[in-house]
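Structure first, commentary second.
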């Protein structure tokens, strides 16, 4: 089973530093095989180095792809995560 | 290597502290593994890598938890990098080629780090994190201690080759009893950190290379020594001094004065308005030296009058009704500024620097004085301005004229060159005050570059030749009725501070961390006793002799 979803990133620092770490933790927590792509570059969402190397900024569109069990639930979780600003507080 | 328990190792003490405790060494990064074929199977090597990475990740996570806050975020991110799939894949590729676990880890991390570095910016900086993780995993594979700042789980004396800014950023100062470095001099990063945080430190202790983890040492900054395996009596003495110092730090903050009530205002040296609040908290009665270089150092061109006014106003607002001495831009030599002087000089310390450079670029000086005058109008502080590195009476006269033209009330000079110390009386007939910069005065008196380790032995403000010049300035102050201050490192050495007062110095300015020690020492001596201690120091043939003579003279009237 596989699925994809396009999400606009809301964190004011994009996916750097702390939000990148939190996103990778969330991706690992879903149990599904998730990749995240910006433009034509796609990386393993469980790789903090990969995610950081995408250089995702606030307002960028990213494409999430998931394979495995419960992909819709996994994508729901990650979409919710990306739509939240994790640099507040 | 072994040491005679009674022979202390010598270095350069920073500050007056003393500490007793076990050594923890900062381990150097492990040597790069050689490219050799493994004698183990691929599966066995893979298992070794996995175990080492797990251990390193667990260690980083645990250290993060105990550190908390931002350090925790950084360390947990490092733990994730250690387990990153892109690294694991690169390691597997190396193992598949029959390499050892050590070589595979080293090469794989280096490869990924290089990719990150190529991306530049924030990611480029993470390359350094990866190198650190790599060194940790390699050390774990070899069973060596983790490189970097140690964390033995109890307070320790940190012994390092030298400390880089990155090392000290991760240092938990609550656990560091003292710093000892094998290399580095009084101007090293370690020395600067120790001075600003008030940490006991002795730097440039070559013999400390032989110290091992767990060795018990006494680090005595006041005497510039590190003593290995001290006797019980020595330990008791050290513990008593630690307590006495704690008491001095906790003593109520009073205005600086001698035992007979002679006031000696204690002021702070500041390099930016940000530290003003801390200085006030530590009892600074004003600012004796505000360095303005921070406004200029990061720029290609001089900052505008408006920008400068804003910074000066912030500073002055922290000291309503108090004296704040601002030094005009002191560039050149060790802090060159392209817009001020871009000529290649053979001897920059003897070149177009200080006031000389400002007079060659009058607009920069006039802008600074305008900004200061505007800040003076806008605030309640008592603003004094002074010119850096004045060497002639004429320069003092020109600076005073400029300052008055801009509406500044009090204008003085820094005495850092022997010529102005010797002509202090003529200068003080024109200038409103003099402030002695002992670091440069020592450099120029002893003809010893203060940044050069090989002649650092001569860079000692206790040298009687330097003290005699201070006496000239003190006498000139008395003759003209003008105040004379000291704003160099010398003022932060408690006993030397007493000597300076004995030589006629009326105010002392120092790093705020040193205020408590100096305040306590001044209270032990009367004006007459301070003069006797100074007289004893002046008769010595060298710096060590002067220090010893002052100590003996001080002990003769003080119970300690």
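Sequential numbering from 1, following the chain as shown.
Each Cβ is built from the backbone N, Cα and C atoms, and glycine gets one as well.
Look at TrEMBL and you will find B:16-46 tagged as region 'Disordered'. Within its own chain, the region 'Disordered' (B:16-46) has Cβ neighbours under 8 Å at 92, 95-96, 98-106, 135, 138-139, 142, 144-150, 152, 154-161, 163, 167, 177-178, 180, 198-201, 211-222, 230, 235, 238-239, 241-242, 245, 493-494, 514, 517, counting only residues six or more beyond its boundaries.
The phosphoenolpyruvate binding site feature in TrEMBL is assigned to B:291, B:327, B:439, B:440, B:450. Secondary structure at residue B:327 (phosphoenolpyruvate binding site), taken from DSSP and collapsed to helix, strand or coil, is strand. For residue B:327 (phosphoenolpyruvate binding site), the same-chain residues lying six or more positions away in sequence with a CB closer than 8 A to its CB are B:289, B:290, B:291, B:292, B:385, B:386, B:387, B:388, B:414.
Secondary structure at residue B:440 (phosphoenolpyruvate binding site), taken from DSSP and collapsed to helix, strand or coil, is helix. Marked as Mg(2+) binding site by TrEMBL: B:416, B:440.
DSSP gives residue B:487 (active site, proton donor) a coil state; it is part of no helix or strand. Under the heading active site, proton donor, TrEMBL lists B:487.
Within 10 Å of residue B:416 (Mg(2+) binding site), counting C-alpha to C-alpha distances, fall the following of the binding-site residues B:439, B:440, B:450: B:439, B:440. Between the binding-site residues B:416, B:440, the minimum number of other C-beta atoms within 10 Å of a residue's C-beta occurs at B:440.
Helix, strand and coil content of the region 'Disordered' (B:16-46), in residues and according to DSSP, is 5 helix, 10 strand, 16 coil.
If you take the CA of residue B:487 (active site, proton donor) and look 10 A around it, the binding-site residues you hit from B:439, B:440, B:450 are B:439. Over all protein chains present, the Cβ of residue B:439 (phosphoenolpyruvate binding site) has 17 other Cβ atoms lying within 10 Å. Under DSSP, residue B:416 (Mg(2+) binding site) is assigned to coil, being neither helix nor strand in the three-state scheme. The most crowded of the binding-site residues listed here (B:291, B:450) is B:450, judged by how many other CB atoms sit within 10 Å of its own CB.
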